[in-house]
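Look at Swiss-Prot and you will find 6-237 tagged as domain 'ABC transporter'. The feature ATP binding site is assigned by Swiss-Prot to GLY42, ALA43, SER44, GLY45, CYS46, GLY47, LYS48, THR49.
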Amino acid sequence: MENMTVRNVSVVFPGRGPGQTVQALDDINLTIRSGDFVVALGASGCGKTTLLSLMAGFIAPSRGELLLGGEPIAGPGADRGVVFQKHALLPWLNVIDNAEFGLKLQGVPRAQRRDIAVRNLALVGLQDFHKHMIYQLSGGMQQRVGIARALTCDPAMLLMDEPMAALDALTRETIQELLLDVWKKTSKMFFFITHSVEEALFLASRLIVMSPRPGRITHTYDLDFNRRFLETRDARAIKSSPDFIAMRERVLNIIYGDEKMHAAGAGVAHV
């Protein structure tokens, strides 16, 4: 069983002026286990995307270490699939060629990679769209292709950076439910970033709330709304339940309180 371990991690970026620095993350400690769906929530600039970029191996920490399966993360790897806010698909390839592209780069034989891509496209409900070009798909369908592509290399972990931010409300809810189905069927580690409190509560088995810069994990909640959905298939009933509403208000109060404190410290007035 592979775990993602983030141990005493801080990140400092160069500032705008000579000798200036900006601390993006401060002393982050987090363990994500197989079968965890961890969602990071916080105000803009709290370091959520920086934390995901560290896990993906796109950047290195200024201090601390990140381990996957006990091995240090030294860069991007096939053991981590990434889904971005913008789908990053290749427009000159059709759906199935996009889905199998990572395996092609690894030199996997065509018949084998095609079989894997077919299975993963079926997992996200695109079994009838193999030959469609990307421009022929809706935004939600394009994100489904991105999810299928991330799954084809059988990563231990899926990293998702606000993948539904540009989708309409109905499509967003559909993709949320799809993600929970994929999570249930694969038991992979998920690390998901969002600005939506409702989305975070619905998806997360564990929610981490981060403070504004420097980003710190200030609150952690173990949740079961996702499992309740998988049992009942009634998202509306769950999102309108008293405990869901109470948790939403609790988290909103934390985030708004953090934003006000950060603005006051920066000398910004909120009207």
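Glycine residues also receive a Cβ, built from the backbone N, Cα and C atoms like all the rest.
Feature map: Swiss-Prot annotations on the structure.
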| residue | record | Cβ within 10 Å |
| --- | --- | --- |
| GLY42 | ATP binding site | 27 |
| ALA43 | ATP binding site | 19 |
| SER44 | ATP binding site | 10 |
| GLY45 | ATP binding site | 17 |
| CYS46 | ATP binding site | 27 |
| GLY47 | ATP binding site | 25 |
| LYS48 | ATP binding site | 25 |
| THR49 | ATP binding site | 18 |
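Following the DSSP three-state reduction, the secondary structure of GLY42 (ATP binding site) is strand. Averaged across the domain 'ABC transporter' (6-237), pLDDT for the predicted model comes to 96.
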